[in-house]
Each structure stands twice: as structure tokens, then as C-alpha cells.
């Protein structure tokens, strides 16, 4: 224990070490918890488990759980299985929790990731207990986060009390990587003084009110690895189409071979598309993103990326081992920020990001659904894609043109749920090709999207829908009674294809 206490360098906190069980005993039904963690990185791992073990048989016990984004270590799964959730926000990516949300077992607020801190700061939402993972506490009482920052700064400032999980499995080399900046209240704040991806504008840790710290729990558990899969043939082709588009931008002088700072969303498709940059001529790249996945470190290893700013580092098991066993190699090329800074519209617009995010489905006019399967069933959440799409220099959405073995077309007459309107979407990329929608009227977009991005087996159906829609007129022609017919056909017949039934 004495060696563990070396991580607590502020003498005021050395006598506040408790067990996870004692810390969990302070949490009461009806409380709202603010947990560190963003896309399976830097999440608290001990106190949530102890809480579930304590109350799993008490059906009346409920807590609200706010985080940065999705959690690892099966915390979301355990909370959902135990039935102790009242409300969850702003993002999740767990199958058990997803099922509970769609069954209506508890409430889920699907929130732009840059908004949570603002709502806390404005006293729209309250936090009772912040539970934050740390790698150390400095001599002057700052919490040094681990592999993500997420909303930890906002939680610590707005919570009534704080529990710290000191994770001995996290590398002490993380100290010095973080840049904590608090913008201040709306109407009173100054411009955020960040003009380059590598600018440092804040402190290396989270300044805390010592009186709020109720206890410190020691843990020794690595983050859950990401669940991304390697690039497949279709995602490789998508990457080639994206690179072709970017080459055209360079050719006409809108970009240089260093492009502009890159943002890539979470998940296998976005990671695979970014991975495709390895085989391109682009170099001296910079990244300003929320999540750094495997592809960014592959690009660093190849000498393609000079610097990456992020909110979390979320890696596959193999890549995690490689990166953290040789962290000195990457340390000077990285900076971590709170999610309201990594996702802040002011900075995204100022830096002129190229934003690459994944679509669930999109329609012939360029509206994008990122969240709801067939319009009603929550997948994960909008995450940061909305923060970036509306404010980026280039808002690019990538998706495979079909799903479920071809029974679902990712391009439909009208999306069944709108996360990103036609006004926010610049470029669409599928394995079929890309459509540059900038400066185009709705009627101009249709042909590009159908011919360049839709799967061949669905193009005739899309053309037929649009031809009929044109007879109705309008700025954005639709056949309203058929706009969702593809979705209802899939629900009824298991396919979006209009099948001709032959009778003998």
C-alpha cells in the first residue's frame, strides 16, 4: 500500500483511501453519478462493480448515470442487467444497455457530446457524485486523468462530492499529456485561445476542491480494448474513394498534401477509412479528434501524422500493448482535452477540420441517420458526429451501401430518423463511390447519390421513386405515402427490395 500511496502526492488525501465497497455505500437511490470514461477508455472500474453487487437485488434502487461517452469493463452491461438505471446519457455502445433502452426499461438522452458540460455549467442538470479514474494526484491537489478526459472536468466542478479511483495499471507516463481548460459561463467567457492542434491552453490536471473528495479507491485494471475489426475489401475501397476525393481537392488548390486537421469517428468503418491514408501521398498530417483509434498510431508509425489532439485513446488489445509498452515514442505527439474542447464548434470551425463519421443510413437528398435502426431502435447515439458535421470544413459521412446481406439499402428515399440534415452533409462515401454535395440543390444531389453511392441492386428502385416524386413537384420532391415504404417492406418481408411474387 505504501508504494500505492506514492501516487497521492498531496498529503491532504493520504488518509482518504477506502475500499470500493465503502465508497459504493455512500451512493443513495435517486442520485445522479458522473463517471469518467469515453469510448471504453479511462472509465472507473471498481466502485460501479461494488455498487451493483450491493444493490442488484433491490428493485427500488435507481441512479442516473452520466458519462463522457460509452464505458468499458462491462459497466453499462452490469448497470442495465441489475435494473438500477433511471436515466443514462449522453452515449452508450453496449448491447444489453441498448436492449434496455429500446424496451423502455430506463431513459436515454442522446446528446451532442459537446453539450453535456454546458448543461451542467448552466445548472440545467445536477451531479451528486463524480467518480473519476486517475493515474495520480499532484502535490497541489490536481487529478491526473488516465486514457480519457471526457466530462471529468465538468463533473468535478459541478458534483457535490468526488470519489477517485487510482488505477495502478495505467501508465504514469500519461502525466503531462492532458490539457484541461474550462471555458467559463456563457455570456461571460472569452474566445477559446486554441489556434493550432498542438496548442496548450490549460492545466495538466483537474483542479479540485479538496473538501469535495470523499474517498480514494485503488484499482489495478487495464481499459477494455476496442472492438474494431480490421479493414475488409469494402472499407478498403471506401478509403480509396475518399482519397480520390481529397486528391481532387488538392488538385484544384483547396487543400495541400497536408490536407487539414482530421477527425475520425468511433468504430471499425471510420477507423478503416482513416487507415487507408497509409497508402496515400498525404503527409505531415495533423489530427484533432475525440477518439484516437489504431489507425492514428499506424499513421504515426509510418511518419504520416505529426501530431494528434484527442479526448480519449481507445485501442485494440494488440495495439494497446504495442503503444503503451513504447509510449515515449508517441508522447510528444499527443495531447488530450475535455470533450467539450475536442468537440467545440468554435475550434472545429477555426481549425477547418476534415470530419469523417459513419452513417447508419442516408437518403437521396443527403440527410443522415446515425442513430436509429429503422427509425425507432437506438443503436449507440449521435456522439460527436453532430458537433463536427455542422462545423467542419468538410463533413464526410461513410457507410457501406447495403447491410444484412443486401436486404437493407443504406440509401433510402427518406431517412427514418434525421441526425444530420442535408444542410450539414458535404460528402457521402460508400464502396460504390463518392458524392460531393457542396453547393448543390436537392434535385442536383439526387442523381449524384443514386449513381455514385447506391448499390446497383437498389438504383432502379431509387430512380423510380424519384421519378414519381418529381410529378408531385416541390423544392424537395417526395411521395409522402411511400417515403418510408422501404422500411415497412423490410419489417414485413425482411427485405427492402420490391420483390415480384410469381404464382404458378
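Quick reminder: no glycine exception, Cβ is built from N, Cα and C everywhere.
Annotated domain 'Acetyl-CoA hydrolase/transferase N-terminal' per TrEMBL: 12-216, in sequence order. Residues or ranges marked as CoA binding site by TrEMBL: 265, 266, 267, 268, 269, 380, 384, 404. Under the heading active site, 5-glutamyl coenzyme A thioester intermediate, TrEMBL lists 290. Here TrEMBL flags 322-465 as domain 'Acetyl-CoA hydrolase/transferase C-terminal'.
Location within the structure of each feature annotated in TrEMBL.
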residue : record                                                    : DSSP class
265     : CoA binding site                                          : coil
290     : active site, 5-glutamyl coenzyme A thioester intermediate : coil
380     : CoA binding site                                          : coil
404     : CoA binding site                                          : helix
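Cβ neighbours of residue 265 (CoA binding site) (same chain, under 8 Å, six or more residues apart in sequence): 290, 291, 356, 357, 358, 383, 384, 385, 388. Summarising the environment of residue 267 (CoA binding site), the number of other Cβ atoms within 10 Å of its Cβ, over all protein chains shown, is 21. There are 28 other Cβ atoms within 10 Å of the Cβ belonging to residue 266 (CoA binding site).
Counted with DSSP, the domain 'Acetyl-CoA hydrolase/transferase C-terminal' (322-465) comes out as 50 helix, 37 strand, 57 coil.
Sequence-distant contacts (6 or more apart, same chain, Cβ under 8 Å) of residue 268 (CoA binding site) comprise 227, 228, 229, 235.
Its Cβ placed at the centre, residue 269 (CoA binding site) has 26 other Cβ atoms within 10 Å.
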